[in-house]
Amino acid sequence: MLWRRGNLTLGILLVTLAAWVVFEKSGYTLLSLVSSVLLLLSVILFLWAKSAAILNRPAPPLPELYLSEEMVNEVGAFIRAHVNDFLSTSQDIAMGRDARLFVKVAAYLLLISVIGGLTDFLTLGYTSLVVVLTVPALYERYENYIDSYAITGFRKMQQLYVKFDVKFVNRIRKWILERQKLS
């Protein structure tokens with residue numbers, strides 16, 4: 001529901017646009033920028049702590065960085081469960097148990113490959129953010145028109161599927177049944 005808060009959405013878009021322009025024009029990558037910022041932060045904190053000890057001032061206030069064993073176990077169990085689900089599904093696809101899922105995965109991977117070949121990751125991320133923030137607002141504004149076109153398109157696709165099924169799929173089924181009877 002972020003698009004309903006126009007100022008926040010506009011702010012996010014402008015900050016993201018500024019970051020995209022900086023990355024594109026400077027040639028920086030996200031990894032190099034994060035590394036530089038962390039290096040600068042480390043140097044500042046180190047110098048602050050050393051100068052505070054020399055000048056008898058308080059050290060920089062840092063939160064206690066600690067991971068409890070319980071938190072690590074919960075995160076590990078969560079990750080393990082999702083990785084096991086992913087591996088199980090991958091095995092089903094690889095063993096040919098789920099043909100529909102294989103076709104979906106292959107189509108999505110092909111789509112990602114084609115899109116990835118057309119653009120770099122930063123531009124794709126920015127474009128995706130713009131789409132995610134604008135499409136729901138446009139749908140909400142023109143919902144009736146979009147729904148009527150979608151229903152019309154769905155009905156036409158159903159009619160095309162029935163024609164395709166009658167012309168091709170039924171012939172293949174009959175041919176397979178005849179081959180089985182002859183065998």
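Cβ from N, Cα, C; glycine included.
The feature domain 'Reticulon' is assigned by TrEMBL to 1-183.
TrEMBL lists 7-23 (among others) with the feature transmembrane segment. If one looks beyond the transmembrane segment (7-23) by at least 6 residues along the same chain, the residues whose Cβ comes under 8 Å of a Cβ in the stretch are 29-30, 33, 122-123, 126, 129-130, 133.
Note on the transmembrane segment (29-49): residues 23, 59-60, 62, 122 of its chain, located 6 or more positions outside it, place their CB under 8 angstroms from a CB of the stretch. The transmembrane segment annotation in TrEMBL covers 29-49 (among others).
The feature transmembrane segment is assigned by TrEMBL to 101-118 (among others).
When Cβ-Cβ distances below 8 Å are used as the criterion, the transmembrane segment (124-139) is approached by residues 2-4, 9, 12-13, 16-17, 20, 115-116, 146 of the same chain, each at least six residues removed from its ends. Taken from TrEMBL, the feature transmembrane segment covers 124-139 (among others).
Long-range contacts of the transmembrane segment (101-118) within the same chain, counting only residues at least 6 positions beyond its ends with a Cβ under 8 Å from a Cβ of the stretch, are 89, 92-93, 124.
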